[in-house]
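Structure first, then comments.
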């Protein structure tokens, strides 16, 4: 026998899982702080790679000047400046990443509330089915 | 007006029934256009520009995700440049990486916007994107938009470098590099474009969020007007006077195109048939979910004629409702 309400609920759940909910469910596997930490690491790695390439590009651009004045340059000062810029970049990007990932985590949790409600409903249906089956068996054994 | 709505309704039905086939076909056409435009502009490698390859690439583009498609377009472009000058290709890749890691990494889902900017520039309707993104997205789209503009001008500079470099011999590496960087960073046209794009995006976004009727359409018109004005002012101020006519026409064209897209957007967004399957202890279920067509019915005039009273008009006016569950 087809329970239409149950099918309706199951359809909603399946469609959510396959389309809109995919990302949310992935995010949900993490605790909030772990998710933020993950995104933060990701962001740091990207910023570092990008900065290294940028530095290489800048050095290449000024390579003539650098070669000409190789002896006279204050490497400490230049190095310190490059490092400071790097740290500032890390802080800025890190800050933005934390804000954004907190926001998306909370949004995902919110969307999952409905999903969980439907899951509970589905569980209800299963429970009812189990009960009615047990009643049938009981009735049969008594001989009704 | 009713005819347009009927037409929209008809399209809607067609899309519903055939949606699952129409989508890949549309994506194939789009990929084909993109790759043809790329080949037409920087198609230095004749093997890549040949029709079978283009068709194959378009086929790939039709069935892969949009990020893969953007990547594909990028790789093809770099390969074209590589066939002309290795150095320029390396420079190009380096700059693309910088843009990616420091800027683009943070809006992965908007990769298509970055690709769309250069392509639409080549089709002379670049401003359709900031208007469109202002309607559908928000200020965050400034990132992929700006990246797109920078990438467009980067390719422009590299293209000029290829042409002036002649037979692509192992020319002065540093000279080439400096040439590219200088022309990119001191590019007044690019700065103007960045500013205008940002302005249009924000303008469209703010107008569309106002709670007035037809806010979307007003936003598009306002954006197109501001677009033309800003470009004119900017070009006069910076002393660039090339191709003003094309630019104005292009801006108007962009506005019109977005107008048309907006008209169809709200229906097509929600109208595809969806398939899913699942099982329980007793059955396997194969579900086909067909969305109900809820379309704005235009104002109906119902005349009530009563023997004793005068004719009175009753107007009914239903609005589009989107399904609330899981939207």
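Backbone N, Cα and C define each Cβ position, glycine as well.
Since we're looking at a predicted model, the values are computed, not measured.
Marked as transmembrane segment by TrEMBL: B:20-42 (among others).
When Cβ-Cβ distances below 8 Å are used as the criterion, the transmembrane segment (B:54-79) is approached by residues 24-25, 27-32, 34-36, 38-39, 42, 45, 48, 89, 92-93, 96, 108, 111-112, 114-115, 155 of the same chain, each at least six residues removed from its ends. Annotated transmembrane segment per TrEMBL: B:54-79 (among others), in sequence order.
The transmembrane segment feature in TrEMBL is assigned to B:85-104 (among others).
Annotated transmembrane segment per TrEMBL: B:111-132 (among others), in sequence order.
If you look up TrEMBL, you'll see B:138-155 (among others) marked as transmembrane segment.
What TrEMBL lists as transmembrane segment is B:190-208 (among others).
Taken from TrEMBL, the feature transmembrane segment applies to B:214-232 (among others). Same-chain residues lying 6+ beyond the ends of the transmembrane segment (B:214-232) with a Cβ under 8 Å from its Cβ atoms: 127, 130-131, 134-135, 192, 195-196, 199-200, 203-205, 207-208, 244, 247-248, 251-252, 254-255, 258-259, 262.
Proximity of distant same-chain residues to the transmembrane segment (B:244-264), defined by a Cβ-Cβ separation under 8 Å and at least 6 residues beyond the stretch ends, is recorded for 4, 8, 11, 120, 124-128, 131-132, 135, 216-217, 220-221, 223-224, 227-228, 231-232, 235. Annotation source TrEMBL lists transmembrane segment at B:244-264 (among others).
Here the transmembrane segment (B:138-155) has long-range neighbours at 41-42, 77, 92, 95-96, 99, 103-104, 106-107, 110-111, 113-118, 121, 126, 129-130, 180, 184, 187, 189-190, 193-194, 197-198, 201-202, 205, meaning same-chain residues at least 6 beyond its ends whose C-beta is under 8 angstroms from one of its own. The listed stretches are B:20-42, B:85-104, B:111-132; of these, B:111-132 has the most Cβ pairs under 8 Å to the transmembrane segment (B:190-208).
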